[in-house]
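In what follows, a single structure is set out as structure tokens and then discussed.
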Amino acid sequence: MHSFASLLAYGLAAGATLASASPIEARDSCTFTTAAAAKAGKAKCSTITLDSIKVPAGTTLDLTGLTSGTKVIFEGTTTFDYEEWAGPLISMSGKDITVTGASGHLINCDGSRWWDGKGTSGKKKPKFFYAHGLDSSSITGLNIKNTPLMAFSVESDDITLTDITINNADGDSLGGHNTDAFDVGNSVGVNIIKPWVHNQDDCLAINSGENIWFTGGTCIGGHGLSIGSVGDRSNNVVKNVTIEHSTVSNSENAVRIKTISGATGSVSEITYSNIVMSGISDYGVVIQQDYEDGKPTGKPTNGVTITDVKLESVTGTVDSKATDIYLLCGSGSCSDWTWDDVKVTGGKKSSACKNYPSVASC
């Protein structure tokens, strides 16, 4: 028979065990109000709510190495103190991560503090969000305003970004530049669904990767839907890309593929489908193989092949001083193209097109 003392001791020990367990259980669902607390406590949480965090200057909101299956919720207004640095402002990695924005939330980067019209030159500006190694994961419903520079840098496998709003409209008059919305590289399986973007650079830029789908996009004020520049990276392959059911307005270009002069690589299995453009200032459709130091040279090379490219139902208007279609390929490097219902009007016809497949028109 147990003595009263031994039962009491057992009860106290059990209570101590429960007491020590309780904080761990409480951390299963965590609300953080500072970047430091989020970084320190993230590994112990299955659900992380980021409530109105003010991120200190020169600091990344560090959500890398999240436990598999973690849910992340942005709530309230997230802000960032000012410092000239490379960023990123937010970085996230892990597997099976679900990221959402609560109703009424805003991630306000207040990019005008950095904007000087010089983009990657001039002041050092932080990139916004690194989704590097954020595999088999999703980001849904984020509302983002005025990124200092590029918004999303995606280097992940099997990631889906849905209903993302990137509103850098203020940059049109306040010096926003190089504010790419989605830069994709070294990724297999990227889905970008129904984004709304107003920016001052590419709405989408794919530098390398495979199995990429972009659909339902609204792209305003930037440089259009781009593949490239391809070349001179560790990975110079872009394969199996579908860009469809999207509008591009008041932008420099609508549809663009560009490769680096003298580089090697490949661009293949590319489809642009049901793209509607308006108010395009430079080129409606542009495919060129002559980029060097970020600028076209007019002298295409053939080291990066562009094959199996399909344009279907690519329509709309460009400005009177713009060029409807410009195709500048290296010798033998552009082949196996399909064009169906490509109707771009309003601008000039180019006399400088070269080496493009006969099914295309220039």
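Just so it is clear, glycine is given a Cβ too, placed from its N, Cα and C backbone atoms.
Listed in Swiss-Prot for this protein:
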| type | residues | note |
| --- | --- | --- |
| ACT_SITE | Asp201 | active site, proton donor |
| DISULFID | Cys30-Cys45 | disulfide bond |
| DISULFID | Cys203-Cys219 | disulfide bond |
| DISULFID | Cys329-Cys334 | disulfide bond |
| DISULFID | Cys353-Cys362 | disulfide bond |
| REPEAT | 238-259 | repeat 'PbH1 3' |
| SIGNAL | 1-20 | signal peptide |
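Calculated from their C-alpha atoms, the gap between Cys30 (disulfide bond) and Cys329 (disulfide bond) amounts to 54 Å. Just so you know, the Cβ of Cys203 (disulfide bond) picks up 31 other Cβ atoms within 10 Å once every protein chain is counted. Other C-beta atoms found within 10 angstroms of the C-beta of the residue listed as 'active site, proton donor' number 27, with every protein chain shown included. In this structure, Cys45 (disulfide bond) belongs to neither helix nor strand by DSSP; it is coil. A 10 Å radius around the C-alpha of Cys329 (disulfide bond) takes in these disulfide-bonded residues out of Cys45, Cys203, Cys353, Cys362, in sequence order: Cys353. Look at Cys329 (disulfide bond): DSSP puts it in coil. Using a 10 angstroms CA-CA radius around Cys353 (disulfide bond), none of the recorded positions in Cys45, Asp201, Cys203, Cys219, Cys334 qualify.
On the backbone, the CA of Cys203 (disulfide bond) and the CA of Cys362 (disulfide bond) stand 24 Å apart.
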